[in-house]
Amino acid sequence: MRIVLLGPPGAGKGTQAQKLAEKLGIPQISTGDLFRYNISNGTELGLEAKKYLDAGDLVPATLTNALVDDRLDDEDAAAGFILDGYPRSVEQAKALDEMLKKRDLSLDAVLEFRVPEEELVSRLKGRGRDDDTEDVIRNRFRVYRDETAPLLDYYSADLKTVDAVGELDEVFARALKALGR
């Protein structure tokens, strides 16, 4: 299966992606992990990304797209994958479509993990990170709504909504059900 996970910060995408990857026997592909791997291994793309990250800038979409494109060529992704944190914009979604098209593939599912904003604020404040102030958290939601919400329309034909409030295993069961598993 080829799956994209969407949802705001604190919705549990990373945790659920890990559980789904384990259950389905396919890799979880996170852009954060891709950046760290390529930087620590000194790849050309990693060194390029490091320049932006060291300067505190966002890595350009073209570079992120190239990292994802390379990762999709890895043998473990041949049977499927779970994309966690990518795409973040319609532009990246279109780039992903092209990556899949050149491999004669398509997405099987797009899951949106939905949690009320007040619950997300509570979750994120509970993590105890210094930078997780309420203002910072609410700004992250605004950025998510502005940039990622259009993806919900873009993927409307394949989109399945998962209620991500509740115990980890309850949310996992809902995600599996949304995937028809």
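Glycine too: its Cβ is placed from the backbone N, Cα and C atoms.
So that you can see what the record holds, here are the features copied from Swiss-Prot:
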- Gly10, Ala11, Gly12, Lys13, Gly14, Thr15, Arg127, Gly166: ATP binding site (BINDING)
- Thr31, Arg36, Asp57, Leu58, Val59, Gly85, Tyr86, Pro87, Arg88, Gln92, Arg129, Arg140: AMP binding site (BINDING)
- 30-59: region 'NMP' (REGION)
- 126-132: region 'LID' (REGION)
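Spacing of Gly14 (ATP binding site) relative to Thr31 (AMP binding site) is 11 Å (Cα to Cα, whole number). Here ATP is bound by Gly10, Ala11, Gly12, Lys13, Gly14, Thr15, Arg127, Gly166 per the record. The longest Cα to Cα distance in that group is 17 Å. Cα of Asp57 (AMP binding site) to Cα of Ala11 (ATP binding site): a distance of 25 Å. Of the recorded residues, Tyr86 (AMP binding site) and Thr15 (ATP binding site) place their C-alpha atoms 15 Å from one another. A distance of 16 Å separates the Cα atom of Thr31 (AMP binding site) from that of Gly10 (ATP binding site).
In sequence order, Phe113, Arg114, Val115, Leu120, Ala164 are the residues near Ala11 (ATP binding site), counting only same-chain partners six or more apart with C-beta under 8 A. Arg88 (AMP binding site) and Arg127 (ATP binding site) are 23 Å apart (CA-CA, integer value).
Cα separation, Thr15 (ATP binding site) to Arg88 (AMP binding site), rounded: 18 Å.
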